[in-house]
Structures are given as C-alpha cells and as structure tokens.
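Here is what TrEMBL records for this protein:
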- ASP23, GLU210: Mg(2+) binding site (BINDING)
- ASP23: active site (ACT_SITE)
- 24-28, ARG36, HIS40, 68-70, TRP72, ARG74, ARG191, 197-199: substrate binding site (BINDING)
- ASN71: active site, proton acceptor (ACT_SITE)
Amino acid sequence: MGIKEIDLIDPKKLPCHIAIIMDGNGRWAQKRGLPRIAGHWAGAEALRSIVEFCAELKIKVLTVYAFSTENWKRPYEEVKTILNLLVYYLKKEVDNLNRNNIKLMVTGDWQELPYRIREEIKKSVELTSNNTGLILNVALNYGSRREIVKACKTISRLVDNGRLKPEEIDEKLFEKYLFTAGLPDPDLLIRPSGELRLSNFLLWQIAYSELWFCDTYWPDFKKEHLVQALLDFQRRERRFGGLTK
Ligand code: IPE
Ligand code: IPE
Ligand code: MG
C-alpha cells in the first residue's frame, strides 16, 4: 500500500465534495478496554491527517459528521465530553488550518449549544475565514430532517408575508435554505465502522452521491483508506438517471 496506490488516483477525476460519517469511536475504545471517550480523542486525531490529505489533494469541501441531533440521547457525561473535545480541537487546530489554507465552517444547529462553545466556534471560524483552500465543514448538532423542516418553515414564512410565491419554490431555491447552502452536493459519502446506514446525515444532499463503506473504526481510518475510497469512486460510473455514453 502507499505510494503506488496514491499514484493511481486520477487528479482530474477527484470528488469535489467528500462527506464522512466519523463512526466507531466508542467500539474502537471498548475493543482496547478503554473508556468510550478515549475513542473520541483518537477520532479527533484521525481527522487531522484526513483533513491534511484532502487539502493536499485539492479537494474543495470535506464535510464531517461530528455530533448529531440524536446524539443527545447518550449519557450526559459522554455528550459533555464530546462537545468539549470538539471545541478544544477546533481551537487547537486553527494554526494548522491556517498553515494549510483551510477554511473552517460549522453546519447544524450549533447556535443551540452553550454560550462558551458558541463563542469558541465563532472565533475559530472567523480566524480561518480568509483561507481559500479546502473547506472543512464540521456538522455539529446536525440532523438532516431537522434541517429540511427548518428550510420549510423559513420558506413558508416568506410565502406568508408575500415575499415569495409558491410557484417560485423549486429545488434550487429550497437548497438555499439548507445549512449547506452554497456548497456543492457531496460526490462521495464515506462511512467507516461497518454500519450501513445514513443516520440522518445530508439526506437531501446525497441524492446522487456515491456511497463507500468499510469496517475500520474511525480512529483507525488512515490516508490509505481514503485512497481506496477514491480509487473505487473513480472506477464508478455516475449516470444521474441518464444512460451510459
Ligand atoms: C462516532 O462514534 C462519534 C459520535 C457519534 C459522536 P460513536 O461514539 O458512535 O462510536 P460507536 O459507533 O459507538 O462505536
Ligand atoms: C452517526 O453515528 C453520528 C456521528 C458519527 C456523529 P451514530 O453512532 O450516532 O449513529 P447510529 O446511532 O449508529 O445510527
Ligand atoms: Mg456510532
């Protein structure tokens, strides 16, 4: 593995937007007899090298699922530690992001998070806002159904106060009210850890994404896995409902 396979990647056929469901942290830790939170720490480390690799490849957007609207169902201690860790990570990574010209974006209902966390997020986003390379989009307190309902509410209000006609609502307009407004749809969605489901992630946006699964737990997910995903992606034929040329 390594150099050879990387060299097989066709730079002209890279996905513009990669989305990753960073799953398997808890099981990674349990397998080692460690507390689940150790898995979340290891997961944050795994993210760093994948982010840097995506920047190197000149991928435009990397969206990572870090905390879902359903993850609040977990024990309070785990939720608290995950959120603190995420904020610690975002803060600590700012220099590294700037060095690599990476722009941070946070997607989801993060405005609902505690004040201290919101302030830290705003600061990190602001400090990387002039970067022009990879967009690292972190989905935090994100839920796709909630995102879609929210968009419907905003659009209904516009109709209600006469600023929009129902006939004017189309897919393009609808997308403007999603958290991902302005971003291209993911071309490739990756879920490690052996789970074959979407868990409420980007349901609208992945209508035509290529899906790629592997059994590796996220903390063990390396550049090599991404290379494999990219090579598989480049071998696939995307028809978008049309026919092969
Ligand atoms: C993903 O790992 C991280 C979050 C959901 C925050 P998990 O914590 O879901 O790990 P598993 O799936 O239980 O192994
Ligand atoms: C999805 O993983 C959410 C994140 C990775 C942040 P979960 O572990 O929460 O998903 P389920 O519960 O296995 O579907
Ligand atoms: Mg999980």
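Cβ atoms here come from the backbone N, Cα and C positions, even for glycine.
Recorded features from TrEMBL, shown on the structure.
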| residue | record | Cβ contacts under 8 Å, 6 or more apart |
| --- | --- | --- |
| ASP23 | Mg(2+) binding site | TYR65, ARG191, PRO192, SER193, GLU195, SER199, TYR217, TRP218 |
| GLY24 | substrate binding site | GLY39, PRO192, SER193, GLY194, GLU195, THR216, TYR217, TRP218, PRO219 |
| GLY26 | substrate binding site | ARG36, GLY39, HIS40 |
| TRP28 | substrate binding site | GLY39, ALA42, GLY43, TYR217, TRP218, PRO219, ASP220 |
| THR69 | substrate binding site | GLY108, ASP109, ASN141, TYR142, GLY143, ARG146, ASN200 |
| ASN71 | active site, proton acceptor | VAL79, ILE82 |
| LEU198 | substrate binding site | ILE21, SER144, LEU189, ARG191, ILE206 |
| GLU210 | Mg(2+) binding site | PRO15, ASP187, LEU188, LEU189, PHE233, ARG236, ARG238 |
**Fill in**
GLY26 (substrate binding site) falls, by DSSP collapsed to helix, strand or coil, into helix
**Request:** Could you check what DSSP calls ARG191 (substrate binding site) once collapsed to helix, strand or coil?
**Result:** strand
**Same-chain residues at least 6 apart in sequence whose Cβ lies under 8 Å from TRP72 (substrate binding site)** = VAL79
**Asked** Can you list which of the binding-site residues GLY24, HIS40, TRP72, GLU210 have their Cβ under 6 Å from some atom of ligand 2?
**Response** none
**Fill in**
Of ASP23, GLY24, GLY26, THR69, ASN71, the recorded positions whose C-beta sits under 6 angstroms from any atom of ligand 1 are ASP23, GLY24, GLY26, ASN71
**Contacting recorded positions for ligand 3, chosen from HIS40, THR69, ASN71, ARG191, LEU198 when the Cβ sits under 6 angstroms of any of its atoms** = none
**Collapsed DSSP category at GLU210 (Mg(2+) binding site)** = strand
